[in-house]
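Positions annotated as ATP binding site by Swiss-Prot: Gly7, Pro8, Pro9, Gly10, Ser11, Gly12, Lys13, Ser14, Ser15.
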Amino acid sequence: MKIIISGPPGSGKSSVAKILSSKLSIKYVSAGLIFRDLAKRMNIDIVKLNKLAEDDFEIDKKIDLEMFKLIKSQDNVIIESHIGGWLFHNLSDLSIYLRAPLDVRAKRIASRDHISEDEAIIQIIKRERSHRERFLRYYGIDILDLSVFDLVINTSYLLPEDVADIILGVISRKNLHSALSH
């Protein structure tokens with residue numbers, strides 16, 4: 001079974017993907033972690049790397065190609081990626097978009113990254129603007145168009161476990177458990 005989870009920063013992508021990975025006993029891969037890792041190796045923050053990626057398509061292309069190879073080569077995988085749902089929906093059994101209002105996401109990011117909510121809002125706005133411009137320019141993808149997703153969930157008032165349970169219910173209803181290759 002191949003599952004793609006997309007959504008804006010702070011929507012709960014990583015938390016939900018990790019829970020699903022554990023409950024389904026399948027591999028989890030995060031484009032966000034690869035991107036953060038690259039920023040760390042370059043000794044810059046993620047906002048700065050996003051800015052660099054606006055002028056250098058090779059940065060996004062490298063990460064997206066790695067994700068493409070993974071989803072093609074794995075029978076069972078959960079891919080967590082901002083743009084994965086648009087790029088790889090035809091290769092997945094289930095594509096999911098998680099969303100939440102800016103203030104909710106800012107609280108989550110502030111808590112995770114130990115920054116103020118105001119700083120989190122600034123970072124989120126910068127990252128989202130960068131993502132939207134890059135993905136439109138490089139791929140012709142409007143990240144406001146959610147029509148490619150099988151499932152869209154507002155995570156505002158849900159715990160990650162609740163979101164995972166909703167997704168597991170959809171998997172069960174779609175009979176995707178039989179798609180698991182062991």
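Every residue, even glycine, has its Cβ placed from backbone N, Cα and C.
On the structure: features taken from Swiss-Prot.
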residue: Gly7; record: ATP binding site; Cβ within 10 Å: 27
residue: Pro9; record: ATP binding site; Cβ within 10 Å: 21
residue: Ser11; record: ATP binding site; Cβ within 10 Å: 25
residue: Lys13; record: ATP binding site; Cβ within 10 Å: 26
residue: Ser15; record: ATP binding site; Cβ within 10 Å: 19
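Within 8 Å of the centroid defined by the CB atoms of Gly7, Pro8, Pro9, Gly10, Ser11, Gly12, Lys13, Ser14, Ser15, the record's ATP site, lie the Cβ atoms of Val16, Leu98, Ala100, Arg105, Arg108, Thr155, excluding the listed residues themselves.
A coil conformation is recorded for Ser11 (ATP binding site) in the three-state DSSP classification, outside any helix or strand.
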